[in-house]
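Accompanying notes for the structure given below.
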Amino acid sequence: MPADDRPSADAILRAVVAAGRPWFPSAHVKLTGAPRTALDDALAELRNAGLVRVAAWEKGAGQGYVATPDGERVAARAVVPTPAGFEPVSPTLAGLLDFRPPLVTPVLIGLNVLWYAVGVAVALKWKQSPAGALGAPWVSVLERVGAVSAQDLLNGQWWRLGTSMFVHAGFWHIALNMILLGTTGPAAELFWGRWRAVLLYVLAGVAASTAAMAARPLEGPGDVPVIVAGASGAIWGLMGAVLAWYVHFRDDLPADLAADMGRRLLFAFLLNAGVCLLPQVSWEGHAAGGLVGFVGAGLLNAIRFNPRPWKLLASGLLVLTPALCVAGLLTAMWYGDEWAPLRYKPKPVDPAAVAEPLRPEAARAARWATQRVWLVSEPHRDRHRAAARAEIDALARRVGASVGMMSTGDDSTPHARAAAMTRMRELDHLRALVDGPDMPTVEEWQAWGALKREADRFWPSPGQ
């Protein structure tokens, strides 16, 4: 029988469903004269796709097969959704797809937008301007809502490797990421199903955070700690999963559809690779997320189609993926050159030296100098303005030096940092009062009073 006349998997599936009872290859061979090897190949394909299963063995007839519920649904589907202008996708391949409306993608977009709104609310509560809260939240705000830095990891806050994928540093950051998620997510759900898409998203997000932290914990000449935030690494994982599906099933697609999908994937990866070259973008995190998405998708395929020993091995590797990522990060923290400045233990410091600029008494000179500006007559006001600015700037430098002396491993550090931040906010308000052209209003004095009380409430024990 010519190769083109051999029964296809689709034809065998329809025959199994039409039988309405166990279907026997031996009977089909006698009826049609089809070679048995062709039937075995088609049946193996259908079994791997979960469309048929083994039924009872009967003497004289041999092994029987029946259709699974998925197989019956695929065989009954009159038209398999296919882009206009292309040949239809085979029902066998269509049986592996999830044609339900996307659910994971809108849920993930909703969670990201909701958490961005929480970050904006926190920034506004901390007196950041609305424009700054929306466009460029303070670093302290990003850390407050779950971003990750080297200092956080040294403090044992490893959970931030997972939460950082839901934190975004401004409107354009989240807007671009959600557009990319909205275009990539539905394809990942179609090819892999909902729960697999969620799994790949989370694994890739964790891998991206660990890789970004391992490769670049500090940047700039002053070794400024890098803050890692954003969903782009997780989205790259979904892109890698879509690419893995294409590589695995490309030969099963119509030629024109396979070529079109390949062009679209190439364009998407080139576009996003260009984004990786922008400043403050972690190409290491994107690459790690894409790689884990690609490899993780391959492991999911092994779980679906391979014999039991291989299924167990693939499942184990999939479960161990986060642990392997963290192990790589720990290796970089212990031995990597980028982490060398962070491995030195801080020199012992005098707690009194840290606390001194945070005392209420330390702010008295700056406070009194500010009030004196508006108690003197106009001709003497400029001289007193200069003196007030000098007092304010001197105290601000002392508070900054105090922050620099705080130990990253000390349990009292978060409380002391909060005291220092509040004191700096009071000093910023005093500057505004000094530099104003007119006498401050009652409301402005009251606002300063509220900041003064908030700063003083950390004393007498800012280290507690």
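Note: Cβ is positioned from N, Cα and C throughout, glycine not excepted.
Annotated in TrEMBL:
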type     : residues : note
TRANSMEM : 103-124  : transmembrane segment
DOMAIN   : 156-297  : domain 'Peptidase S54 rhomboid'
TRANSMEM : 170-191  : transmembrane segment
TRANSMEM : 198-215  : transmembrane segment
TRANSMEM : 227-249  : transmembrane segment
TRANSMEM : 261-281  : transmembrane segment
TRANSMEM : 287-305  : transmembrane segment
TRANSMEM : 312-335  : transmembrane segment
Margin query: At a Cβ cut-off of 8 Å, and with pairs 6 or more apart in sequence only, do we get at least 3 pairs between the transmembrane segment (170-191) and the transmembrane segment (312-335), yes or no?
Written below: no
Margin query: At a Cβ cut-off of 8 Å, and with pairs 6 or more apart in sequence only, do we get at least 3 pairs between the transmembrane segment (198-215) and the transmembrane segment (312-335), yes or no?
Written below: yes
Checklist line | the domain 'Peptidase S54 rhomboid' (156-297) - residue tally per DSSP class, helix then strand then coil | finding: 108 helix, 5 strand, 29 coil
Check: Are there 3 or more C-beta pairs under 8 Å linking the transmembrane segment (312-335) with the transmembrane segment (227-249), counting only pairs at least 6 apart in sequence?
Finding: no
Margin query: Cβ under 8 Å, sequence separation of at least 6 from the ends of the transmembrane segment (261-281): give me the contacting residues as numbers and ranges.
Written below: 176, 180, 184, 232, 236, 239, 242-243, 246, 250, 253, 287
Next item on the list: Report the mean pLDDT of the predicted model across the domain 'Peptidase S54 rhomboid' (156-297), rounded to a whole number.
Entry: 90
